[in-house]
Amino acid sequence: MEGGGQTQTVESHPYVPTDLNLPDFVPGFLSQSTIVGVYGLSSLLLVSLIWIVSGRSPKISKIDRLLMCWWAFTGLTHMILEGYFAFSPEFYKEKTACYLAEVWKEYSKGDSRYAARDAGVVAVEGLTAVLEGPACLLAVYAIATRKSCSYILQLAISLGQLYGTAVYFITSYLEGDNFAASAYYYYAYYIGANASWVVIPTLIVIRCWKKICAAVQVQSQTKTKLR
């Protein structure tokens, strides 16, 4: 605006919509390959460690060992990555190559609601980090020590993950489902990065449901014989 008036500018950013107001936005410092590589490598190291350590106990089946790897991976992801997002409302202003901030600057290309601090997304991620994160690590312990509550705990966490993911996708759909910078980011981040939290929890729910039902049936049969 000319003639002595003030000019209002919108910070340049790679997100959709382009007029999204992100004051003092600082572009990411790390490349996509670096961000994904660090996450992939650290996850691989964690899973490998859990697999090796759990293998020392002959009482733990391979399926349970795989579940321990999953719960450790997803628990730390919830607590560290999602926890950082939930409690760092201005991560997009980060002026250093802080890895956690870089992750969310990059992921926001697939869902700009993160950069925009959408209330629904913040609520889901906050609850996931605070409640489901520690519960996932508790599941690792429960499986390793063969606690009787293991299946109920895994069932509850998986249902929570499915509920949170459903809310995440449904709210996006109701709001227009137009938060990705391109089709590539939409399918790579929004769809691909969240697919495992749909498929794996579903399989765990089915397994735990069968295990619990079988245990109840055995208990009922035992009581019937004792009468």
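Every residue gets a Cβ built from N, Cα and C, even glycine.
According to TrEMBL, the features are:
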- 29-54: transmembrane segment (TRANSMEM)
- 63-205: domain 'EXPERA' (DOMAIN)
- 66-87: transmembrane segment (TRANSMEM)
- 119-144: transmembrane segment (TRANSMEM)
- 151-174: transmembrane segment (TRANSMEM)
- 186-206: transmembrane segment (TRANSMEM)
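Outside the transmembrane segment (186-206) by six or more residues, the chain places 67, 70, 74, 107, 109-111, 154-155, 157-159, 161-162, 164-165, 168-169, 172, 179-180 with a CB less than 8 A from a CB of the stretch. With Cβ pairs under 8 Å as the measure, the transmembrane segment (119-144) is packed most heavily against 66-87, out of 29-54, 66-87, 151-174.
Residue counts for the domain 'EXPERA' (63-205) by DSSP state, with H, G and I taken as helix and E and B as strand, are 110 helix, 0 strand, 33 coil.
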